[in-house]
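Copied from TrEMBL, the annotated features are:
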DOMAIN    A:29-300  domain 'Gcp-like'
BINDING   A:H109, A:H113, A:Y130, A:D294  divalent metal cation binding site
BINDING   A:Y130, A:V131, A:S132, A:G133, A:G134, A:D162, A:G177, A:E181, A:N266  substrate binding site
Amino acid sequence: MPTIIGFEGSANKIGIGIVRDGVVLSNPRHTYITPPGHGFMPRETAKHHRAHAIEILKKCMDEAGLKPEDIDCVCYTKGPGMAAPLISTAVVARTIAQLWDVPIIGVNHCIGHIEMGRLVTGSHNPTVLYVSGGNTQVIAYSQHRYRIFGETIDIAVGNCLDRFARILKLSNDPSPGYNIEQMAKRGKVFIELPYTVKGMDVSFSGILSYIEDAAHKQLKAGKCTPEDLCFSLQETLFAMLVEITERAMAHCSSSEVLIVGGVGCNERLQQMMRDMAEERGAVVCATDERYCIDNGAMIAQAGWEMYQSGQRTPLEETWCTQRFRTDEVDITWRE
Amino acid sequence: MGTFQNNMAASMDTGKHECDLSIPFPSAREAEIAYNTLRVDKEPRKEITKELQLVENTLKVRFTATEARLLRVAVGSFMDYLNLTIQTMEHFGPPMKRVRPTEVQEQSTDEVAS
């Protein structure tokens, strides 16, 4: 019964989690929050992660009630993500692996989300919608790979939402996406926005430019409220995501949808996906913010699967990479 | 943890700026851990080079850069990671050594004896 510790710090959240045989023993996390109107930059984010790593690691071990000798393997996010935050987290992971004399495994961030989503929801072979500030992909498993059937061709959907929050000067606490979601609930008027689905792929940069322009002009003219814009943006973006997911389900004859990634927290997205799935006779699996949002336990869980199937990362190869495609990983733990 | 020695000099011959660091650790094993942790990541820019060398309980680092500004950024960044490594060792050390039956078979034959 291996006990795995996972280190995640690819964006503005640093988290360390421990998983043992499908049970999350601890999963503390800290988020770097910038002032309204500002995004997080790599250098400052890395500084935040370095400042909190030791404290979170102690908390993680204490909450799990474990000692170093109880840990069988150290896992960390190899990528994708921001370089400096990734390296800051990996430095701690490499050091710990050597101090405690255990193997180390580099985990793909996207696969961390998928494996935690599968564990928590119990979904077996779902079509996966992975949506966050850094990624937007529709994924299905086939022949030892998580295949990317569709994806954004420019910015991630979460990036689009976060940047719009900056335009409106919304708070980044607890997250800009959450604050857009709350505003959208009070929206009443739908403003038509570009709908840019391209077969299985999507594009969000045009929508962001369009609504930025609308925000400046129409808000000044009093023709709509910020709540209306948040509502309209969500309806448009999420309808696009539902469409490409449904197209992938149709191609793969899938009866399960799994939504993972930070934007997967959004209840409106979950509702729209549920509506589509019901009409298809399928089910939607989604996790709450404990696991939707980047966390250490998801890296530990994917790492647990990799460890059990015999994968290890030699210490000399424990570098980080900003680009690490989901389909690059050999999924040795599935049939 | 001890202080370390800085030697910075502009080399007119090569048109490069250099910085040498010499960082002593309490033990050879701790120096080795820091070496293994810090040597993995490549410098993001070609104009900067970084070479790590392990000499008993001392970690030696040589930086070169085409501009003083780039050199300062690279050394500053390295110091941040070094500090994090040292803090990690202070809080979660000392180094353990364990033998697990299943792991012995999986150990690489290329693994350097420590």
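In case you wondered, yes, glycine gets a Cβ from its N, Cα and C as well.
Unlike curated records, TrEMBL annotations are generated automatically.
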CB within-chain contacts under 8 A for A:Y130 (divalent metal cation binding site), separation at least 6: A:C110, A:H113, A:I114, A:T136, A:Q137, A:V138, A:I139, A:V260, A:G261, A:T326
Largest tally of Cβ atoms lying within 10 Å of a Cβ, found at which of the binding-site residues A:G134, A:G177: A:G177
DSSP-derived structure type at A:Y130 (divalent metal cation binding site), helix or strand or else coil: strand
Listed binding-site residues A:S132, A:G134, A:G177, A:N266, filtered to Cα within 10 Å of A:D294 (divalent metal cation binding site): A:S132
Other C-beta atoms that fall within 10 angstroms of the C-beta of A:D294 (divalent metal cation binding site): 27
Segment-level pLDDT (mean, integer) for the domain 'Gcp-like' (A:29-300): 94
Residue pair A:G177 (substrate binding site), A:H109 (divalent metal cation binding site) - Cα distance, angstrom, rounded: 20
